[in-house]
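Novice: Please see the structure below; I have some questions.
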Amino acid sequence: MAMVCLSDFEAYAKKYLPKIVWDYFAAGADDCTTRDENILAYKRIRFRPRMLRDVSVMDIRTKILGSEISFPVGIAPTGFHQLAWPDGEKSTARAARAMGTCYIASTYSTCTLEEIAAAAPGSLRWFQLYIHRNRAASQQLVQRAEAMGFQGLVLTADLPYTGKRRDDVRNGFRLPPHMKVKNLERAFEVCKMSLLDPSVTWNDIYWLQSLTRLPIIIKGILTREDAELAVRHGVQGIIVSNHGGRQLDEGPATIDALAEVVEAVRGRVEVYVDGGIRKGSDVLKALALGAKCVFIGRPALWGLAYKGEEGLQDVLRILQDEFRLSMALAGCARVSEIGQHLIQFSKL
């Protein structure tokens, strides 16, 4: 089967992954309203394309926190990549390097930070952190990430407790015995999400800043109030995210929350978005609303399930080609020309 768009990879992954694994990757919280709305919300945004703009030469590069990426799509942190492909996060890191973009490695990786760094030396990678009750273990993770050359620290803020994902409860989801959450192996019994620290507050940003020189990006912001608090506490970036609809159901779609966050920060920090990106035109819409870059979660896992590193490169390449084409057809030759003038919201 020719893989033409991201939904082709989704169909392949659903067909060939074990049901318990597919259900884990696909799961949203409760009724999955927010998970589905993340995708549907993009369909309510329409373009206002401009004509006769000379798009014979296209430049789709951008920078995030000063590092150039080949186009404004990175790989969001997701857990347990070995469930999709035997080499797990090592394949993810190699694909990101090959495509010249950023990979955010998860605390819940099935490869160690050291293995991920060794798989793709010189690549742009950030580390996503959950703060655990065992603060010494969290501190050690931060310091290991910095020592391994990770260039950013992404604090996930929307998981004081794990959302209720019904299929995982029905399936009794656990990692297979041969897989480990490698970065936490010495510190915890594997996969005890209850070890997350629900007492984390904004003051813990200061604690993280005392541990590392890495820029701190906060993930999970959906309101202007929290965006303002993030700026006040000295973060360098915000990822507008609802955890792929896996946490609080019936919150806003991320693309709907994006404009409010962008307006609140007034250019003082970079703003990114994840959730629901399935086409290059979705990337264009997110940038028109003020995102500096988008990050993909489930589509990266579908690519891994298809052909590992090669499959993930295919996913990224399709998004790259679609984004370039959407930009050209909307009348933009470079990323700096993208703005809110390009879009309108459907009245439907």
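Each position is counted from 1, following the chain as shown.
In case you wondered, yes, glycine gets a Cβ from its N, Cα and C as well.
Dumping what TrEMBL says about this protein:
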- H243: active site, proton acceptor (ACT_SITE)
- Y24, R165, H243, R246: glyoxylate binding site (BINDING)
- 77-79, S106, Q128, Y130, T156, K219, S241, 274-278, 297-298: FMN binding site (BINDING)
- 1-348: domain 'FMN hydroxy acid dehydrogenase' (DOMAIN)
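Could you tell me the structural context for the features on the list?
Specialist: Remark: R165 (glyoxylate binding site) has Y24, A27, G28, A29, R246 as non-local neighbours, by Cβ distance under 8 Å and separation of at least 6 in sequence.
Cβ contacts within 10 Å of Q128 (FMN binding site), excluding its own Cβ and spanning all protein chains shown: 24.
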Novice: Run through the Cβ atoms and count how many others sit within 10 Å of the one on H243 (active site, proton acceptor).
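Specialist: 25, counting other Cβ atoms within 10 Å of H243 (active site, proton acceptor).
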Novice: Note the mean pLDDT of the domain 'FMN hydroxy acid dehydrogenase' (1-348), expressed as a whole number.
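Specialist: The average pLDDT of the model in the domain 'FMN hydroxy acid dehydrogenase' (1-348) works out to 96.
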Novice: For a quick check of understanding: given the listed glyoxylate-binding residues Y24, R165, H243, R246, what is the maximum Cα-Cα distance in angstrom, as an integer?
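Specialist: Of all Cα pairs among the recorded glyoxylate binders, the widest measures 13 Å.
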Novice: Return the count of C-beta atoms lying within 10 angstroms of the C-beta of R246 (glyoxylate binding site), excluding that atom itself.
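Specialist: For R246 (glyoxylate binding site), the 10 Å Cβ neighbour count is 24.
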Novice: By a simple count of other Cβ atoms within 10 Å, which of T156, S241, the binding-site residues in the record, is least packed?
Specialist: T156
Novice: Residues with Cβ closer than 8 Å to the Cβ of G275 (FMN binding site), same chain and 6+ apart in sequence?
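Specialist: Expected: N38, S241, N242, G244, G245, A253, T254, I255, G297.
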Novice: Return only the integer: C-alpha distance in Å from Q128 (FMN binding site) to H243 (active site, proton acceptor).
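Specialist: With distance taken Cα to Cα, H243 (active site, proton acceptor) is 13 Å from Q128 (FMN binding site).
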